[in-house]
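Taking it in order: structure first as structure tokens, then the write-up.
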Amino acid sequence: MEKWNLMAVVVLLGLTVRWTVSLNSYSGAGKPPMFGDYEAQRHWQEITFNLPVKQCAKFINPDWIALHSSRGYESQSHKLFMRTTVLIADLLIYIPAVILYCCCLKEISTKKKIANVLCILLYPGLILIDYGHFQYNSVSLGFALWGVLGVSCDWDLLGSLAFCLAINYKQMELYHSLPFFCFLLGKCFKKGLKGEGFVLLIKLSCTVVASFILCWLPFFTEREQTLQVLRRLFPVDRGLFEDKVANIWCSFSIFLKIKDILPRHIQIIISFCFTLLSLLPACIKLTLQPSPRGFRFTLVSCALSFFLFSFQVHEKSILLVSLPVCLVLSEIPFMSTWFLLVSTFSMLPLLLKDELLIPSVVTTMAFFIACATSFSIFEKTSEEELQLKSFSISVRKYLPCFTFLPRIIQYLFLISVITMALLTLITVTLEPPQKLPDLFSVLICFLSCLNFLFFLVYFNIIIMWDSKNGRNQKKTN
Amino acid sequence: MAAVGIAAGGGNWFSALALGVTLLKCLLIPTYHSTDFEVHRNWLAITHSLPVSQWYYEATSEWTLDYPPFFAWFEYALSHVAKYFDQEMLNVHNLNYSSSRTLLFQRFSVIFTDVLFVYAVHECCKCIDGKKAGKELTEKPKFILSVLLLWNFGLLIVDHIHFQYNGFLFGLMLLSVARLFQKRHMEGAFLFAVLLHFKHIYLYVAPAYGVYLLRSYCFTANKPDGSVRWNSFSFVRLISLGLVVFLVSALSLGPFLALNQLPQVLSRLFPFKRGLCHAYWAPNFWALYNALDKVLSVIGLKLKLLDPNKIPKASMTSGLVQQFQHTVLPSVTPLATLICTLMAILPSVFCLWFKPQGPRGFLRCLILCALSSFLFGWHVHEKAILLAVLPMSLLSVGKAGDASIFLILSTTGHYSLFPLLFTAPELPIKILLMLLFTIYSISSLKTLFRKEKPLFNWMETFYLLGLGPLEVFCEFIFPFTSWKLKYPFIPLLLTSVYCAVGITYAWFKLYVSVLTDPPVGKTKKQ
């Protein structure tokens, strides 16, 4: 079958799955007075439309955004409108980026590239949050992906412009900013700071500053307004973490209630230090040896460090880690699929609250089947395929019998999947005990956190041990 | 780990396809469902709460039991599972009851019973010879056939959105066809007899079965030139076939015969009081006939040849099903449609008798019977086009000519199902799925037959491409024009007439290919 027809079929399949998920309930459906993210987005439309008045959206039903009187507005046609906007944003920004990215992959057959597109498009986490819970993550993730594409293909200015747009759309994208910064800085160093590199540095700085100014121009009118925006964007007053999230602080607080013991500013300092320490090695390595491959892996480890150790993290932020992992799906299919499954699982309490059980289970199974058949993941668990060869060789210098790493990893995978499945079953069928009403969510977060810690170590190993063979292997980039 | 790897990654593409489409069906659970949902809930209630003697008399709801007894027993079996989901749905007086658990149960029952369809597809794939195939998996005829059947657009939206139980019924039919291909005639006959007593619409294709079994099974040998050898007739085979059919019918209708309810059952099964056309005209010959009648009457009125007072006011394309008179052309009676259908079927049946070509010939005759009945039948539902599209898939991976006919038939047939889903949230689903199936089927069949002449001539390409603008006009432009209030039936009329042209063309092309095929002596062994 011709390549573009197959690609069209894959994209149509992705779109169909997205739209059918959107037929389900959304966050906060029918739950006054707070409602949920759906109401939040509608409210923001209300605000931006009414204050100050813009002419563009007048032809759409004004009842949906009438100031004040449309609080908590819920109707079928409005739901259709909101869902359609998500689909269109996805179609215009995220999906073309995915297709272009997979087509630019090297040393892979066309069929594998298309299979890659299918797997990325079927990633359950993004579909469930954007089309189920209701958010517009595909816009920011799409822009970030355009950024990655641009920077990897040496279109640095366009790439950084796209990434600035991503940050200005959603400040969560700052999780990805350090790798971008280090990679581009590394490129400048490599080109020599006395010549081309310096020119590139200047050009990049100008692009970034210009795009930021353009986005923030309407809000620079007063200092107080700018500060207010910053306060809203970075709500440090809201505490170390909110609700149940699969990061270190929440899991640690099972044993020791940090939030109550330490004062606010100490919490901020500790979280800052841990985050910085955990991402520093990879970033330094990227600055000294910039390569697209290293860039991708550093994106993963940086975002994961931020997710695990940062301040006021939401469970949806795992999507920021999932996007780079999707990008390395073709290089380490087994581990990536495992990670993406865990990331969806970690959001289970949120998805159950939105009554998205069946779509979650179905999309997770579909994703798993797609990855398993496209990449034959269970056959790719040797040391070399897990990118752990150089690491294992180094360890074997001290421990000659260290050959059992793939075995261990396979067993860990089995244990992880079985516990995830069991916990899902338990959460859905049983009631938690009276004294511990949050037992199941806490268990889910704790387990996911353990998995994520393992992945943090794994990805950092890949990055750090990649240098030994970096100059020898011709096919890394 | 390796064993899991082989199972998951290595060879079992069929399971992956079946599982994939099942997951898609699960995602379609919250979509719109038609009144057929209430129909089946009502039948669950009737069969569960009332004794057998009342099944065909119960009329609390307008959706009375109008399928043969085996289907009633099927609903009875389902109702015993239903009571664990929601007891309330089994109350006959709970009209339009659709709690979330009821919805879940009904949807899952359709998905679950589709397992028979999956099995039948598996068996059909065995009957395809893959000698033409390339090394690539996605270019093998078996793979293409599996996708065309398992992921069939029409079946997906009729069963899993609109809500019906066609999956396992078509499973029975395809299984019986597969058995005939495998020369297991008795099983094939048995399965078809059972199928008839599940849904009597399959009577459309009964002549094909009857003639084929008589000609190729009861007569055990042919003369060298292909004609019948009268002295090879086997009474034993005839009697055993008859016995099978008789026993199945006895099992089905026996209880009602004993209760003296046979006339009532038959009147429920064949309600001729309904009009020539369903609410939305099925895209058959009568749709063209009605359209012509309307056009002529409009012209006649303009030219003052007709008296406006003599024209009946009711419009045939409104949402109601009623008896109707034509204005210019002669009115059509059920008898007239029966005669037309029989005349349309006769040539193909004669071909089957005089030029038997083994199971392939039988399949072509079956499709022609289904299509002819669709084109000329009384009160045909547009869903009946699936009766022709699904078996045609089996032929499409064999010959380029058949592939071309299949593509025209399936694309127009599937498009004609669009008016079934008229709600806004389902609009993207039907367009996306239709595009998915159409692009895949055209692309894969073109690749399979790339060494032969192109599948479509310019006229056919133009016609198929015209479906796009038609859809845009009917669903996106027309609702915003002023005609919507004055002539609300125009999109339905246009869809129906446009598709009728395509379906009639496909029927005609298939007939020509059947009639002009050389007899069996000169063709390869099937």
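Using N, Cα and C of the backbone, Cβ positions are placed for all residues, glycine too.
Feature list (source: TrEMBL):
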- B:1-18: signal peptide (SIGNAL)
- B:12-33: transmembrane segment (TRANSMEM)
- B:104-122: transmembrane segment (TRANSMEM)
- B:143-158: transmembrane segment (TRANSMEM)
- B:188-214: transmembrane segment (TRANSMEM)
- B:234-259: transmembrane segment (TRANSMEM)
- B:335-355: transmembrane segment (TRANSMEM)
- B:361-378: transmembrane segment (TRANSMEM)
- B:429-449: transmembrane segment (TRANSMEM)
- B:461-483: transmembrane segment (TRANSMEM)
- B:489-508: transmembrane segment (TRANSMEM)
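Contact check: the transmembrane segment (B:361-378) against the transmembrane segment (B:429-449) gives fewer than three Cβ pairs closer than 8 Å, residues 6 or more apart, which falls short of the contact criterion. By the Cβ criterion (under 8 Å, sequence separation of 6 or more), the transmembrane segment (B:143-158) is not in contact with the transmembrane segment (B:489-508), since fewer than 3 such pairs are found. With respect to Cβ pairs under 8 Å, the transmembrane segment (B:335-355) is most closely packed against B:188-214, considering the stretches B:12-33, B:188-214, B:234-259, B:489-508. Tertiary neighbourhood of the transmembrane segment (B:429-449): same-chain residues 28, 31, 132, 138-139, 141, 144, 147-148, 151-153, 156-157, 161, 396-397, 400, 403, 406-407, 410-411, 414-415, 418, 421, 455, 471, selected by CB-CB distance under 8 Å and a gap of 6+ residues from either end. With pairs at least 6 apart in sequence, the transmembrane segment (B:234-259) and the transmembrane segment (B:188-214) have 3 or more Cβ pairs within the 8 Å limit; the two touch.
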